[in-house]
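*Asks:* Input: one structure, supplied below.
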Amino acid sequence: MKKDIHPEYVDCTVTCACGNTFKTKSNKSEIRIDICDKCHPFFTGSEKIVDSAGRVEKFKKKYAQK
């Protein structure tokens, strides 16, 4: 690898919307995510709707029975 052309590789704190945090390595020092393994329905076994931008309401409004 060439010297002085690669971004710095630092410790990173990943923060989920549910409050879970964990450490990893990245080019960024902090990353925020919407869903992680502690709150994802596949891993928890519970079903919940994740709608951060109102997409479900927009879909229902667009395709509502008239």
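The backbone N, Cα and C atoms fix where each Cβ goes, and this holds for glycine too.
For reference, Swiss-Prot lists these features for the protein:
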BINDING   CYS16, CYS18, CYS36, CYS39  Zn(2+) binding site
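Set these features in their place in the structure for me.
*Replies:* There are 13 other Cβ atoms within 10 Å of the Cβ belonging to CYS18 (Zn(2+) binding site).
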*Asks:* When a 10 Å sphere is centred on the Cβ of CYS36 (Zn(2+) binding site), how many other Cβ atoms does it contain?
*Replies:* 17
*Asks:* Among all the protein chains here, how many other CB atoms are within 10 A of the CB of CYS16 (Zn(2+) binding site)?
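*Replies:* For CYS16 (Zn(2+) binding site), the 10 Å Cβ neighbour count is 18.
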*Asks:* Specify the secondary structure state of CYS16 (Zn(2+) binding site) as given by DSSP, simplified to three classes.
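*Replies:* DSSP call for CYS16 (Zn(2+) binding site): strand.
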